[in-house]
Amino acid sequence: MDALMNFGTGIFGGAWPAVWTLIKIVLIVAPMMLGVAYLTYFERKVIGYMQVRIGPNRVGPWGLIQPIADGLKLLMKEIIVPSGANKGIFIIAPMLAIAPALAAWAVVPFTDSLVLANIDASLLYIMAITSMGVYGIILSGWASNSKYAFLGAMRSAAQMVSYEISMGFSLICVLMVSNSLNLVEIVNVQNQGRFAGWGLSFLSWNWLPLFPMFLVYLISGVAETNRAPFDVAEGESEIVAGFHVEYSGMAFAVFFLAEYANMILVSALTSIMFLGGWLSPVSFLPDGILWLFAKMSAILFLFLWFRATFPRYRYDQLMRLGWKVFVPICLIWLVVVGVWMMSPLNIWK
């Protein structure tokens, strides 16, 4: 790494730090966008097997080129702006939806040294930036000049705000036990404790002592990304297709990409906050980025499994779950963790 920095400084001089930052951005965003594309392929394959079908198998070997074909098809489609729509906001809204999903990766650590911006308040940054995705959805529904799109946008806004509260309380618990807002520190703290000393690191991760918070965060993450069974914002049987009903071509594809990018982000954050990030589950295996990818893949599989298994919630059921079940659980467990930390049985010392 030092040789690379010296080489870059020799070529670019004082501009090298800015160039190096741009290179890191490309190295993170490009594979992530490719991962988003192939997550759609993985989803169709997994759900196909669950429904005793084959899934995509025509474009390329085993259908592996299907995501590229879908992207090219959408790229060649016309973006139709409805009459009566606010054209400027209609075009900008998809970009406002995907921008927070990409910007959040600036502080997501892949290892303790591989992170774009290792800032002390990275947890606060994540909570702030991810809450901005709802603006693109609200503006898309309003600018479309369609009752179905506007109704879907209002549903989505209420849903995302409701479940952000539960996710925020879950992360406050993580903050309490980690005593840090830095994501790298949050992972390193999970490698301490009695079980880690015995070589069973996975028992010292936050998922076990904060198990109710882990479940609340995971389920709220599914709701936050508008995925089944919480996809009332785009309920096909009720409001046609929700907030993006009037979109076509690449404008529609960007909303699609934003949804899957948010799925990957929630999987990464769940792995970092509760499952030890890049840490190995046992001491005799080395830590590394592959562990983080394995944990993310397992959580992404749960997203797909939920979609194939559960029917959609009614809107009132969804709101009741968020406000009358998750919020009380979070408040109770915050008190439990606080008392636990002040007691002689504190396991986070």
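Indices start at 1 and increase along the chain as displayed.
Any Cβ shown, glycine's included, is placed from N, Cα and C.
Going by Swiss-Prot, these are the annotated features:
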type: TRANSMEM; residues: 20-42; note: transmembrane segment
type: TRANSMEM; residues: 88-108; note: transmembrane segment
type: TRANSMEM; residues: 123-143; note: transmembrane segment
type: TRANSMEM; residues: 167-187; note: transmembrane segment
type: TRANSMEM; residues: 202-222; note: transmembrane segment
type: TRANSMEM; residues: 249-269; note: transmembrane segment
type: TRANSMEM; residues: 284-304; note: transmembrane segment
type: TRANSMEM; residues: 325-345; note: transmembrane segment
Positions on the same chain near the transmembrane segment (202-222), where near means CB under 8 A and six or more residues out: 163-164, 166-167, 169-171, 173-174, 177-178, 190-196, 230, 266, 269-270, 273-276, 279, 281-282, 299, 302-303, 306, 322, 326, 329-330, 333, 337, 340, 347-348
The transmembrane segment (167-187) vs the transmembrane segment (20-42): 3 or more CB pairs under 8 Å: no
CB contact flag for the transmembrane segment (20-42) and the transmembrane segment (249-269), at least three pairs under 8 A: yes
Positions on the same chain near the transmembrane segment (249-269), where near means CB under 8 A and six or more residues out: 32-33, 35-36, 39-40, 71, 74-75, 77-80, 90-91, 94-95, 97-98, 101-102, 104-105, 108, 126, 130, 133, 136, 140, 221-222, 224-227, 243, 292, 295-297, 299-300, 303
